[in-house]
Each structure stands twice: as C-alpha cells, then as structure tokens.
Amino acid sequence: MVNVVLGSQWGDEGKGKLVDLLVGKYDIVARCAGGNNAGHTIVVNGVKYDFHMLPSGLVNPNCQNLLGNGVVIHVPSFFKELETLEAKGLKNARSRLFVSSRAHLVFDFHQVTDKLRELELSGRSKDGKNIGTTGKGIGPTYSTKASRSGLRVHHLVNDQPGAWEEFVARYKRLLETRRQRYGDFEYDFEAKLAEYKKLREQLKPFVVDSVVFMHNAIEAKKKILVEGANALMLDIDFGTYPYVTSSNTGIGGVLTGLGIPPRTIDEIYGVVKAYTTRVGEGPFPTEQLNENGEKLQTIGAEFGVTTGRKRRCGWLDLVVLKYSTLINGYTSLNITKLDVLDTFKEIPVGISYSIQGKKLDLFPEDLNILGKVEVEYKVLPGWDQDITKITKYEDLPENAKKYLKYIEDFVGVPVEWVGTGPARESMLHKEIK
C-alpha cells in the first residue's frame, strides 16, 4: 500500500501535521522531491520538532524513513538536522533513516550561486522582483542535475579504487563552471573537500539503492506513506512558472522521485489551507492587500518555517484547488487552519477568473494573464465561534460545515480531515464513503 500526502496550493498547507497524524499506521515514510527548502513543525508530547529535509516519520519510533532519488541533499544540513532532532530526544533515528544512492548532492557553492542568481534576476527585471528562492541551493542543484554535470550520493560514498579521486575532479570541475558563470566568489575548496572526506564516512551507513528498497517494501506489503514537499502550484511544470521550485512537486514527482509505477499508488491526500497563502513573488489572484489579509496573517501566524518570511494571505482560491485536483487526482482532502476563519462574518471564496469580461475555462499558464484576472467570489456566511476545542466533526457550527461542503461540491472530492487549531490533536476526522 502506497498513500501520498501532497500540497494543493503554494505550500505551507500543513502537510506535516497530517503525516504526523497518519504516521503511526505506516511502516515507511518516504520523501520524493525537494531538499531543505521546505519546513514544518510537529509537536509530540509538548516537544517541537522542526523538519526541513528529513521525513517526519522519524517521530514514530517504529517507522523507517527514506530520502528518495528525487531529493537533493546538502550533507552538512542533513547531519545538523538529524543531530538537532536527536538532541530533543528523538530515539534510534539513525537506524531508521535511509538515503538514496541516486539522490543529487547540494554543495555550498550551489547556495552561494543561488543567491547571486537571485540578485542577478532582480537587477534584470523591470519591477525589481525575483523568484523568491530560499537560498538553499536547490535550484542550482537541479540545474546541474538536468545538465548531467551534478554529483550524486554514490559518487561521494563509493569505495572503489579511484572513486574518491574521480569525485574530487568532478567536484572541482563543477565549482569552476560556477565561477566561470558568476565570477571568482569566495570558496575554500580544500577546506570543503576535507569536510566531505569526513562526511562520506558518516553518510555511508545511511545509503541504499532506493529502487530496491521501495520495491522490496511494496512486495512485502509494507504500508508506505509518501510525504510531498512544497505544493502543486510550485511545481516546475504545472506551477506559476517561473515563480516555482525546481522539481516536480505533484503526483508525477512521487513516481519519478521514488522509482515506483503508477499502479502502486492507492490514496492521494490533498492538503488545503482554508484560505490561501504564498511566500515570495508571483501572481496571487485572491491575495488581500488590506485588513482582511493582515488579519489572516496575524491570526494564522503566517511566517515561513525555513525562511521566517511573512506569508502573503488571501481568500481560498477554488480555481487553484480545482486545477490542482485535476493534475494530482486527490482521493480526499485535509482542510487545515479552519479556525483562522472563526471571527470573519463573511468568507469569500474565489470560484472563477475572467479577463476583459471573458471567463477563463481553467487556471491560465501565462502569468501575464494570471496577473490581470478578475476573480469572481462566492460569499459564504461565517460562524463567529471558537472551534478550537471541538473534538468531533459533527459538532462544528453549521456554517463551518457548509463552508466545507461547498469546497467538496466545487472540486468533487470529499473532505476527510479538518484542522481546527495548532495542537497535534486539533484534527477532526470525517467519515467518507
């Protein structure tokens, strides 16, 4: 059994909380894309665990965890995150964590050039805007992967005669091409090389052939949960390009990032914030640059876990959700942070786009069009009631249930979970047929 948790908007929907809720039922949690450019917090027995790169299945002491071939790995950050989690009391994490030998490596110079590229782009653009990268080197790493010049985990840990010398030569060549492109930026090659010589020994026990790992697990009828990173609207192909990440963050990335066939997928859970947020630049049709947006930002505590940046806030965009559903094929939804809407008398939701009076059939791929669309809203009544202490779906206010029902009917997918507060237990389950 392979079930998948995916973000349906621009990230920060609360995927980690759903994974945390479900993880006790699974034998394996796997990540398939991205790196340490994402982030979420899980609270267990009052202890906060911040996850960026590592699978959040580590909070379950009986669960194995895999970073698949589609993930890009900054090895120093890998160990720093692991050590931070261990210092907070996470037990036997090292024996339950595995890394694909095919995963690509993020180096510090990728991070340096990530920031240089961002400055370059903001200088070129008419409005001074940039992509809004986290500066973690993710984009440049996927770029070297696509150009077939990148280095993978197996290049680093290979013990065969001459393998280390080959790694050094390729590492140096990769650095030189970056310097040719961005100038002679400061980078102590010898010091970094010495660091990686130590890290390779530390990394070796974690490395597996992830294709064999996954297919053995599937054959053994293991219960597997795939933890998506980022979200569909940040997908390199289907998101608001170029204001996207550099990997496939939808269902396609699950298949290619773990090396599994489509027929192995059972359930696909789409995580949806009850309103919409995004970090960084790019069109955002339902954004509220007013008191409503500020209220959503304040009540929702909308700051990025990885960057600390304030998130842009707006009403729920059902055009985005329908588009996301079309591509990812969600079998059920998790609506998160419904409690943030508790004090709104009326709650608009975006239901269609038009431009120059002409209604669009679907989410447009052209950002020049997307930036000019007019949004048609359906205004739904609020419930003006604190729902954070409610423990059963049936006890939600009628207007809250109507809000959820409207979402279900619009996208044609049932809501299975509803987030009603920041606590781990603040998640209501709704039976679906």
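Even glycines carry a Cβ here, placed using N, Cα and C.
Pulled from Swiss-Prot, these are the features on record:
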- 11-17, 39-41, Arg311, 337-339, 419-421: GTP binding site (BINDING)
- Asp12, Gly39: Mg(2+) binding site (BINDING)
- Asp12, Glu13, Gly14, Lys15, Asn37, Ala38, Gly39, His40, Thr134, Arg148, Asn230, Thr245, Arg309: IMP binding site (BINDING)
- Asp12: active site, proton acceptor (ACT_SITE)
- His40: active site, proton donor (ACT_SITE)
- Val305, Thr306, Thr307, Gly308, Arg309, Lys310, Arg311: substrate binding site (BINDING)
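For the pair formed by Asn37 (IMP binding site) and Leu338 (GTP binding site), distance between Cα atoms is given as 26 Å, rounded to the nearest Å. When the record's IMP-binding residues Asp12, Glu13, Gly14, Lys15, Asn37, Ala38, Gly39, His40, Thr134, Arg148, Asn230, Thr245, Arg309 are compared pairwise by CA position, the greatest distance found is 34 Å. Candidates Thr134, Asn230, Arg309, Leu338, Thr420 (binding-site residues) were compared with Gly39 (Mg(2+) binding site); those inside 10 Å Cα-Cα are Asn230. Checked against Arg311 (substrate binding site) by C-alpha proximity, the recorded positions Asp12, His40, Thr420 yield Asp12 as the nearest. Note: the CA-CA distance between Gly308 (substrate binding site) and Thr134 (IMP binding site) rounds to 10 Å. Counting neighbouring Cβ atoms within 10 Å of each of the binding-site residues (Gly14, Gly39, Gly308), the lowest count belongs to Gly308. Of all the recorded positions listed (Lys17, His40, Arg309, Lys310), Lys17 sits in the most crowded Cβ setting, with the most other Cβ atoms within 10 Å.
Cα spacing between Asp12 (Mg(2+) binding site) and Asn230 (IMP binding site): 7 Å, rounded to the nearest whole number. The Cα atom of Leu338 (GTP binding site) lies nearest to that of His40, taking the recorded positions His40, Thr134, Asn230, Arg309 as the candidates.
A distance of 16 Å separates the Cα atom of Thr41 (GTP binding site) from that of Arg309 (IMP binding site). Annotation: Asn230 are the binding-site residues among Thr134, Asn230, Arg309, Lys310 whose CA atoms are within 10 angstroms of the CA of Gly11 (GTP binding site).
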